[in-house]
Amino acid sequence: MTNNRVRVAVTGAAGQIGYALVFRIASGQMFGPNTEVELNLLELEPALPSLEGVAMELDDCAFPLLKRIVCTADLNKAMDGVNWALLVGSVPRKQGMERSDLLQINGGIFTKQGQAINDYASDDVRVFVVGNPCNTNCLIAMNHAKDVPSDRFYAMTTLDELRARTQLAKKAGVDITAVTQMTIWGNHSATQYPDFYNAKINGTSAARVINDQTWLKETFVSTVQQRGAAVIKARGSSSAASAANAIITGVNHLVTDTPAGESFSMCRRSKGEYGVDEGLIFSFPCRREHGELKVVENMEFNDFGRERFNITLNELRSERDTVKSLGLLD
């Protein structure tokens, strides 16, 4: 018995992440077994034949919850009436490309997407940005969707959090479910700070349970920060199935109240929490309570944690200043 319907836009839908994602949305894994799904799938014009193949496969799965598929290269059509916009597609950094080049190219893309969301999406739209650099892409899209409340924009550090939980569980020799309150602070980049001091293993600080400061500060932190690059080196292309899984998990966190004693990492617009500049898209520890998303307060930092926190904060400030200088922000 279904009692709900959600229309979801997925950009870059024929790409590797999109291909790993859309079947799981259609099966009910993102919004649950009582929510019907309509998919608006966006691709570049040359990729439309491939996208039609994805739509054929979706049809061939005969998902009971999937009620409609739209395949298009028209951004406005893709965003028409959507309740969720999953912005997966972006231009990857290529050899010889400066970070400012990457920000400028993607800035143009996310400017247009923000405008289309503003003009065509449902009044209750929520926006989940995956395409990198996702924090600043989210900031740009948010800036160009003036009619959409800024607290409905998110960027993903869910994959980083899941990577960190796994590394701690393996090192401690415990089940993955024993690891809770694992926070990724800051930017979804190699400066992110996976906070092992405030993470818990069976309710005790992970730093006390593992009790190997060298491993935690050096191996653990760098493994989480560099995991994406390690996957590329190992398989020849970037994380796709794990990224899609993280999108499912991340959106599920945003639509389901958080269990007691748990939190999750999510990039959202700062209101000044923990001294972060208001307006930056920054990854915080979050909880959803009675349908409202809140930043977990009163987490403490030692000198190591504060140093790492400031490094990632400064990188996000730099990205913001760069895109502002490029005319991508008001």
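Numbers here mean position along the shown chain, with the first residue as 1.
Positions of Cβ are set from backbone N, Cα and C atoms, glycine also.
Look at Swiss-Prot and you will find Gly12, Ala13, Ala14, Gly15, Gln16, Ile17, Gly18, Asn106, Gln113, Val130, Gly131, Asn132 tagged as NAD(+) binding site. Swiss-Prot lists Arg93, Arg99, Asn132, Arg163 with the feature substrate binding site, giving sequence analysis as the kind of evidence. Residues or ranges marked as active site, proton acceptor by Swiss-Prot on the basis of sequence analysis: His188.
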Lowest local Cβ density among Gly12, Gly18, which the record lists as binding-site residues, within 10 Å: Gly12
Asn132 (substrate binding site) versus Gly18 (NAD(+) binding site) - Cα distance in angstrom: 14
Max CA-CA distance, Å, over listed substrate-binding residues Arg93, Arg99, Asn132, Arg163: 25
Which of Arg93, Arg163, the listed binding-site residues, has fewest other Cβ atoms within 10 Å: Arg93
Fewest other Cβ within 10 angstroms of its own Cβ, chosen from the recorded positions Ala14, Arg99, Gly131, Asn132, His188: Arg99
Least surrounded among the binding-site residues, given as Gln16, Gln113, when other CB atoms within 10 Å are counted: Gln16
Close binding-site residues near the residue listed as 'active site, proton acceptor', where close means Cα within 10 Å, chosen from Ala14, Gln16, Arg163: none
Among Arg93, Asn132, Arg163, which are recorded as binding-site residues, the nearest neighbour of Gly12 (NAD(+) binding site) by Cα: Asn132
Proximal residue to Gly131 (NAD(+) binding site) among binding-site residues Arg93, Arg99, Arg163 (C-alpha distance): Arg93
For NAD(+): widest Cα to Cα gap among Gly12, Ala13, Ala14, Gly15, Gln16, Ile17, Gly18, Asn106, Gln113, Val130, Gly131, Asn132 in Å: 20
Candidate binding-site residues Arg93, Arg99, Asn132, Arg163, pick with smallest Cα gap to Gln113 (NAD(+) binding site): Asn132
Separation of alpha carbons, Arg99 (substrate binding site) and Ala14 (NAD(+) binding site) (Å): 26
